[in-house]
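Peer 1: Right, I'll just put the structure down here and ask away after.
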Ligand SMILES: Nc1ncnc2c1ncn2[C@@H]1O[C@H](COP(=O)(O)OP(=O)(O)OP(=O)(O)O)[C@@H](O)[C@H]1O
């Protein structure tokens, strides 16, 4: 049984019957028709006529409607009641970018809006734009603790609630034991900063959002987001309805209330509205066509997140804010699901960039030149309208983000809804794991990787989740027994995010020029005081005790130190000024408190010195960069450029003369040396060339000789074979037997016996061949010898070929037949003759 608190505070549960309101169909008011505005769902609480805040536009219907002409981007029809009230700038044709300047030139560039004319201060805020007086006591401890403010909002139900709330501090909630899975399980006790029930949005706003809105007005980034299962009341909490305006409209009222309560400052407010649908970021304020064709991109690294192109509307009244909200709501994607007839199908983010500075006395306003701008002319601020630090008044910048997350959900019957649901659940899971890792890192002092980049939502929230924002999370739950699993999951998420450690700081842009002026003035004062003391010193010396004298000299030392410190600060500030656009510039020297005691100043000086030391390297590198810089800036006057050109031409001419002189004095000897070396090398080359040609000729000659030898051998072999055949035939015919036996003499050698001619021939041939060298010998040629100097070679076979044949005889000394020698005609060949006769012989 739920223990609904009957406590008087409206923050706690009240047993009221709950009937979720049915969505109204799109209403077209008379006004819409007449102005040609789009028929769409309106923001009832802000616009008055319509009933529902959330636009009932499905994705399909939205795309259908976006093709129609619309005048939604026209300026807020401002009807200022006071003359002094700044007009909300006409919504221009082109838009602005994210708060961080980005070079991208958007189609919707609104940089022409003069920020000075859109500044809001306590005088220009209208009565109707402010909430009731802010309760200072309720705000007293906002942001004291660097912890996330986590609250639970229980949606009213007609059924019996499955959850029990205990009005303790902090508040706690636990599941009614009867709804636990097993009877032995003890339900977990969840503790949170606030547990809220009921349908009233005011106490919810006061408890979970107001302190964060005020923190944003005070210069801290602040994020408020609603998390919970589908249909649990996130949009109702953030936007509300006609009767119960939600956090966003109430926050904007408080923004103007804060401005009114702060007469010392003036403000520039810029609003943007975007949604993350199926992992694509859409600018809800951009003209529909450009929003579809140009989705918003997340750029930058680490905690530096730049959204571009993102339209930012400068607003000066609640009316302008209403218009912006109305336009954005109309463009949001909602659809009917199994659980919520008008479920948000995207995460929506409404952001207000708040820039403020001290109000000027008038002396440093546009009428009097600040020393930086020409009176009467203000160039468009790069990246859209930005408040400029002027006359020593630094600009404080903060961003208030109000986020309505899409609801986690179970599978649905609709295909399109299932696809959306997948994206929604994935990004919520990533948010869960990012927060889990952050909480773990904070609890165990670890630095584990945080998967910010796993979804657009977490990447966009990275700077805030990483610590540089005050965060308030409102987790909405459905108390029905049928939703205990989803509710438990939401409570676990809420518990995890409670552990995330924050460390939000203010961002201030300092006007360094004015700061330097302040330092210079102080130095002058200190010098005067020092001079006075020095003048008094001799008289004092006589009057004061030793100890007092010591104190006095210490005081003078302190004055001297302070002067040195300020002089150094001036130098550092000048470096800061030079690097104004550099994000990594050194910490602003504004931290010095000029009313400190000499001792404190000395301590301050020590730490400043340490800081200066670390910056010394930076200054050195800057000096190097300065030296490397072109001598003239691009916008230098033409006369200066001409002068520099002339000087450089003169230098070039001088250099040419020096080069020519060098050539004249040293050129000739160098040329002579070069020619000598060249000549020597040419001769060497020619010698080598000749040597090579001789060697080639010698090699050719050798080849020729060898070829000749080979041919002669072949011929000799043929002759030998023919002769051998003839001798064998001769013997076979027995012709040798009938030959007259002469007395062997030198002229008449003994005739061989029949059948012995062949043997004798063979014997002689053998011995002849044995005596012959198998290869012609050549004496080796020394490398240094000319290849043409051929060695004394043994008589060549060519020369003796016919002599060898002549030796073919049957006797020892005489040839048996006269054998033709070289040059004789073949017809006289004895072999032929013998054979010829033989052939005619009768057998
Ligand atoms: N505390 C409440 N008091 C009265 N009505 C409520 C409350 N919370 C939610 N409702 C009603 O419940 C219905 C669903 O709420 P809402 O649209 O805010 O849910 P949601 O969490 O934004 O859902 P989704 O994630 O699907 O967009 C609406 O009709 C809304 O008016």
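Glycine is no exception: its Cβ is also placed from the backbone N, Cα and C atoms.
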Peer 1: From the ranges 318-355, 356-393, 394-431, pick the one that TrEMBL records as region 'Disordered'.
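Peer 2: Checking TrEMBL against the ranges 318-355, 356-393, 394-431, the region 'Disordered' one is 356-393.
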Peer 1: Which is it, of 554-573, 574-593, 594-613, 614-633, that TrEMBL names as region 'Disordered'?
Peer 2: 574-593
Peer 1: Name the residue range among 250-291, 460-501, 502-543 that TrEMBL annotates as coiled coil.
Peer 2: 502-543
Peer 1: Work out the three-state DSSP category of residue 229 (ATP binding site).
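Peer 2: Going by the DSSP assignment, residue 229 (ATP binding site) falls within a strand, counted as strand.
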Peer 1: State the mean pLDDT for the coiled coil (502-543).
Peer 2: 73
Peer 1: State the count of C-beta atoms found within 10 angstroms of the C-beta of residue 228 (ATP binding site), not counting that atom itself.
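Peer 2: For residue 228 (ATP binding site), the count of other Cβ atoms within 10 Å is 26.
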Peer 1: What's the most sparsely packed of the binding-site residues 229, 230, 232, 235, counting other C-beta atoms within 10 A?
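Peer 2: Candidates: the binding-site residues 229, 230, 232, 235. Fewest Cβ atoms within 10 Å: 230.
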Peer 1: Are there any residues in the same chain, six or more apart in sequence, whose C-beta is under 8 angstroms from the C-beta of residue 234 (ATP binding site), and if so which?
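Peer 2: Sequence-distant Cβ neighbours: 226, 227, 228, 344, 404, 405, 407, 476.
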